[in-house]
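S.K.: Sending over a structure as structure tokens; questions will come in a sec.
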């Protein structure tokens, strides 16, 4: 063969060496294959004989260009030798283009002899339904005859080489249904309608489906039929997709669905082959598939019954309240238990009938217990004096306390009698006020049956007193004067049944009169043992001389009114205020000295 090639090349090189640049390009024409060349057979040395016979039987080129005929023959021989080295065979049915030639050549490689190769699993494209997939050659699609319902895919060398005989010995048929409970929440399990009907002539592709693990993760729970529909361009599979969508809508009614059982042995083979290499880790006998254990096989069924079953009605009889047990309620009782409610009506258990204690008597008298009538009937009558609940401060109404306080306030300073004159409320809550009308009635002798003698103390400054005052009133504006007049020689009534009362007032009875009244009470308390007092009944004229003068001028002398801040008595006001403050300071110092001497 090499000798022939050398002779042809040498003769061609002598004629025209510059025309061999086109040897690298070779194209088939649209003429019939029998008129151009015979098929080159890739077997031993028969290729040379076929090439020689082809050269001898080819048509003679035109005589005008003998060098072109030699170059054409050399190109044909070189291309046939190149095709022999690549071991490429051509289809005898029709001429093939270079792209179709490449596809058919790879499909006829010896690596894929005896089975239909499938593409490897690409996990990144599972969610993309429109991803382009490699399909078979166009000449087989145009023929309209498919040996297998599954589409054949071109797989390039080195990616996947199945070995069914080795896997059949190493991995026997197993079933994963009894190992892992198929609780596909929100993901129904599909079963193809035409999965059990397979062509008998498709024996070489039987059991050669794409192998993927049956136990998919949550993110990869895709139906097997959807994947098959993506790999098949035939219209029959498109019809199956619509049927599968209807099946999906029917199955999505329940949140938990079990994987449907296999109907034939071929489907079991498909499931076991989908396990790929994971069957060694999750292998279970086929007998366990038919008779699954109770703990695992009934898991999905029991959960489905629990979620989809009707609600249990718990009958509660209100009339049988007395028959309910008096035990503490269970906090964590299951709401699905069919038993009746035996909850207690009382917080505390019933004491034995023979325990006669005061605690039991108190509980028997409680109105919150529904068992009160029965306990009263069963309780024997106690003889003698019964224990009574003492009155505590918590049980006393606050209004009662206030009423009692008001009752105590109606008593005079030594708590021996009530006030002889009607009193009213005023600015100072600790002092007793009388109105001008009451003072006028007192001066007219309306209270002579109760009052033996009364004193009206005018606490205003002397210029105010000289400008107008109440008849028979004493002007005592200094504390020393009050102490000397009432405490140096205390006054006592001649009759024990009658009273000796003192009435204080100033211009408004808001500052000077209340201060003098409190001072006398404090000095009187200090001079006597509590609660004894020389002058237990003290009053304040409400509104002072200002309110009394307009209404009762006849009881005032002179019948005039001189205010404290009169323009003509400013100097007198400053002088009397200074004396009052000095006297107050001296009094405080004397009190402190007296206290130190007592210590």
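For all residues, glycine too, the Cβ spot is worked out from N, Cα and C.
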S.K.: Suppose you had to name the range Swiss-Prot annotates as region 'Disordered'; which of 283-333, 334-384, 385-435, 436-486 would you pick?
M.R.: 334-384
S.K.: Can you dig out which of the ranges 81-102, 103-124, 125-146 Swiss-Prot describes as region 'Disordered'?
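M.R.: In Swiss-Prot, the region 'Disordered' feature sits at 125-146.
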S.K.: Which residues, sitting 6 or more apart from residue 506 (active site) on the same chain, put a CB under 8 Å from its CB?
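M.R.: In sequence order, 458, 459, 460, 512, 513, 544, 545 meet the Cβ cut-off.
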